[in-house]
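J.: My questions will all concern the structure given below.
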Amino acid sequence: MSPLRLVLWLSVFALPSAPTESPSYVAAVYEHLVVLNPNPRVALGRRAALEHMQKNLDVFEQQAALAAQQGAQILVFPEDAIQGFNFTRASIAGYLEAVPDTTEVTWNPCSERARFPDTEVLQRLSCMAQKNSLYLVANMAGIQVCNSTTDAHCPPDGRYQFNTDVVFTSDGTLVARYRKQNLYFEAAFDKPPRMELVTFSTPFAGRFGVFTCFDILFREPAVALVEELGVRQLAYPTAWMNQLPLLAAVQFQRSFAHAAAVTVLAANVRAANLGMTGSGIFTPWQEVHQHDMVGETGRLLVSRVPVLDPAMMADGTESTRLAWLPFSGHRRREPGLGEAGDAHGWPRGAWYLDAGGKPRSAETEHCWPGHENCHEAPAHEKPVEFHSVMMYDNFTLVPLQDTEGNLTVCDGSLCCHLLFRRSTAPSAELYALGAFQGLHVVHGTYYLEVCALVKCTGPDFASCGGETEHAQTQINFRLEGNFSTRHVFPGILGNGMVLDIPDESGKDSDGWVYMSRSGMTVGLVTATLYSRVYEKDNS
Ligand SMILES: *[C@@H]1O[C@H](CO)[C@@H](O)[C@H](O)[C@H]1NC(C)=O
Ligand SMILES: *[C@@H]1O[C@H](CO)[C@@H](O)[C@H](O)[C@H]1NC(C)=O
Ligand SMILES: *[C@@H]1O[C@H](CO)[C@@H](O)[C@H](O)[C@H]1NC(C)=O
Ligand SMILES: *[C@@H]1O[C@H](CO)[C@@H](O)[C@H](O)[C@H]1NC(C)=O
Ligand SMILES: *[C@@H]1O[C@H](CO)[C@@H](O)[C@H](O)[C@H]1NC(C)=O
């Protein structure tokens, strides 16, 4: 194995013949190797906490300058990257700063330092934005004093502690404050009593929404920003622990941006021992990303991306790009197919993907198990169903026993179909098609419906659902499921953490959600339709 499994993957998707006046901007994200407090459960005084945080802010300062040199207009830093993790409610006290409500207070911490006490971190971030003349998004530990006599939610110690994102304009003004709604076992922090959808506006790209890490798996605020406010650009600080086969950081960032038809500026923490890595700049169609499980340095990613805020688009000329509606399915842009468009109207039904990846009529030309024109090996019996636990969920699966076929597997009322053709003999690498419908209850509670084609990690059925980044078998496929929600996130992962998107995805006339992909040049690790049924989370 290569000693350095570092992937910096520039997508080679055909670039559109976009109109030259198409607005764009330069975005940057920094994956930060956090300087940690070795004893996070022991309380530090304010001075010692500041000394610790300045070490991380020193790195931010250098990276902000490097980002600015490359023309960045907005820079996102990761969650927990200033203070680290594993604090208790009491031990984080020295790290907390009161972040004013930006809807009530206009404040430039760099220019008006004395206005609020104990705001050294806010001041330094503000000065970084001002000095480098860029919008800056960072995550820090916030405090808000409360009174339990007048506020029923106020914690007994008289203060809220919030996992807080802060946003500064390019002159250093604090313009947005977002408090993480969906905490991930964070003993130091409180869940905000009211959910807030937070956005900020920039002169170069219009409006952005902001949310944090685990929030991406929930309707509020992540999907609500997109569906209720029409936000199409997101700043996303995160500290995400990778979990294959379905939820590696960049894998889900890729899926979210594609499914929701948004740009995601995702900055993750770099902590190999905790499995944290995976950042990127994702438009609905392409990305610059990094996933590095062994390196010991941070990494700055900078990329020019198109403006997606509908309010910033010129009338008419951008209509094709705006045709990418959230959760409606898309067709990959290809030369000759014009710009991004909806998949609606594409033929479906009896087709298959030939060696060149072109859909062809199945009835006339193709061999399907059991058909008269089939000269290949006779079909297996209906494949045997088995169960295997994937990421703590009990999936129902069927193996891929032939070099091509049409499989079905169901779990509860969810059924999944897979039409496939593979490049290797079935004995070379075991793959299985799995379905899961139910409440996920380990490391968070959330209701899932998932159709997943996975490469098993070994030759045994029990290995299906295990973690691997590697696969040699190329597979042309069409995967579909009858989900009870429209919030379906298609994801395709290739050998060595290569990210991919479907050739097309969408909903067919009988309501099944599908995606298809053929002609990948790398082995297929997973292809998944991962859906969230938000309304059943409390079931
Ligand atoms: C934080 O806690 C987790 C779980 O207890 C542990 O695995 C991890 O090493 C800790 N990290 C730090 C930085 O203390
Ligand atoms: C809390 O509010 C009550 C009622 O307004 C007031 O009497 C009390 O002094 C407040 N307590 C604190 C700690 O401010
Ligand atoms: C695959 O199977 C499904 C379900 O049985 C069926 O609806 C579909 O027509 C089949 N496709 C092909 C190409 O045979
Ligand atoms: C998974 O579900 C099947 C069918 O309900 C059951 O027989 C099996 O014991 C379950 N496996 C685990 C690990 O819970
Ligand atoms: C999905 O399809 C299966 C098989 O046709 C059916 O039994 C099930 O009720 C369907 N589920 C939904 C949610 O429509």
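The backbone N, Cα and C atoms fix where each Cβ goes, and this holds for glycine too.
TrEMBL does not curate its annotations; it predicts them automatically.
What you see is a predicted model, and the numbers here were worked out from it, not measured in a lab.
Below, the features straight out of TrEMBL:
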- GLU79: active site, proton acceptor (ACT_SITE)
- LYS180: active site, proton donor (ACT_SITE)
- CYS213: active site, nucleophile (ACT_SITE)
- 31-307: domain 'CN hydrolase' (DOMAIN)
- 1-19: signal peptide (SIGNAL)
J.: Please report the Cα separation of CYS213 (active site, nucleophile) and LYS180 (active site, proton donor) in Å, rounded to an integer.
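T.: So the alpha carbons of CYS213 (active site, nucleophile) and LYS180 (active site, proton donor) sit roughly 8 Å from each other.
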J.: Run through the Cβ atoms and count how many others sit within 10 Å of the one on LYS180 (active site, proton donor).
T.: 25
J.: What count of other C-beta atoms do you get within 10 angstroms of the C-beta of CYS213 (active site, nucleophile), across all chains shown?
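T.: A 10 Å sphere around the Cβ of CYS213 (active site, nucleophile) contains 26 other Cβ atoms.
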J.: Far apart in sequence but close in space: which same-chain residues, 6 or more away, have a Cβ under 8 Å from the residue listed as 'active site, proton acceptor'?
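T.: The residue listed as 'active site, proton acceptor' has long-range Cβ partners ASN139, ASN163, LYS180, THR212, CYS213, PRO237, THR238, ALA239, VAL269.
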J.: In three-state terms from DSSP, label GLU79 (active site, proton acceptor) for me.
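T.: Its secondary structure by DSSP: coil.
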